[in-house]
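Take a look at the structure set out below.
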Amino acid sequence: MKPTTIASLQKCKQDKKRFATITAYDYSFAKLFAEEGLNVMLVGDSLGMTVQGHDSTLPVTVADIAYHTAAVRRGAPNCLLLADLPFMAYATPEQAFENAATVMRAGANMVKIEGGEWLVETVQMLTERAVPVCGHLGLTPQSVNIFGGYKVQGRGDEAGDRLLSDALALEAAGAQLLVLECVPVELAKRITEALAIPVIGIGAGNVTDGQILVMHDAFGITGGHIPKFAKNFLAETGDIRAAVRQYMAEVESGVYPGEEHSFH
């Protein structure tokens, strides 16, 4: 199978072809996703909640991310694999580079970091040293204590303009992908159209170039609060492989996310 690359996603944006991505944390699910053609995966620090049982992503370490990245890479050798740099792993550009090197050696193709213009120097340093970067704006879970909970971001002209400015700054610094989480559809559309790089949404409506879901949300195996943007594809299909295919098909056709999964 031909490897999926950042250039593959860039072509999807140019061709206006939506694409699906998903979180993965282990060999078996990564292998299954790849076999069904879902070839863009993120080893997210969401594993702190979905795998480790914490109430936030904050306890996750670089070693945790590297461990799960290696497992996913063994299951999906040709996927485009993103890996989060967890909380306090990129406080300085030098620290970011050291920790990015660790997860890249474990098998990641790209690192994802949360934050806006304050990360410009870090993004520049990483890209200059051959570490591709995916930005993450909107609801950034590592900042949950600043936000006062998991809340929609970017509402209102001032907040929206600030997120757009952050997105443009990250792109100019060298970021090659951007995740937008829990922002109004109207803002997601502005940002997606303003950027040349692909934008992946989660809780950002169906106007972004791609979508991502935490796999536990996609299969309805998350306990407690269910995010508005989540959809249980397993409930509709009764089979994990069929659920993966359904998720991909609905993203590619624009059916998912629907209005009921979106914010304004």
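The backbone N, Cα and C atoms fix where each Cβ goes, and this holds for glycine too.
As given in Swiss-Prot:
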type	residues	note
ACT_SITE	Glu181	active site, proton acceptor
BINDING	Asp45, Ser46, Asp84, Lys112	3-methyl-2-oxobutanoate binding site
BINDING	Asp45, Asp84, Glu114	Mg(2+) binding site
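Here the Cα atom of Asp45 (3-methyl-2-oxobutanoate binding site) is found 11 Å from that of Glu114 (Mg(2+) binding site).
Same-chain neighbours of the 3-methyl-2-oxobutanoate site beyond Asp45, Ser46, Asp84, Lys112, judged by a C-beta within 8 angstroms of the site's C-beta center, are, in sequence order, Thr23, Leu42, Val43, Gly44, Leu47, Thr57, Val60, Ile65, Ala83, Leu85, Pro86, Pro141. Same-chain residues at least 6 positions away in sequence with a Cβ under 8 Å from that of Glu114 (Mg(2+) binding site) are, in sequence order, His136, Leu137, Thr140, Pro141, Gln142, Ser143. Of the recorded residues, Asp84 (3-methyl-2-oxobutanoate binding site) and Glu181 (active site, proton acceptor) place their C-alpha atoms 14 Å from one another. Taking Cβ-Cβ distances under 8 Å and a sequence separation of 6 or more, the neighbours of Glu181 (active site, proton acceptor) in its chain are His136, Leu137, Gly138, Leu139, Thr140, Pro141, Gln153, Gly201, Ile202, Gly203, Ala204. Long-range Cβ contacts of Lys112 (3-methyl-2-oxobutanoate binding site) within its own chain (separation 6+, distance under 8 Å): Leu42, Gly44, Leu82, Ala83, Asp84, Leu85, Val133, Cys134, Gly135, His136, Leu177, Val179. Same-chain residues at least 6 positions away in sequence with a Cβ under 8 Å from that of Ser46 (3-methyl-2-oxobutanoate binding site) are, in sequence order, Thr23, Thr57, Pro141, Val214.
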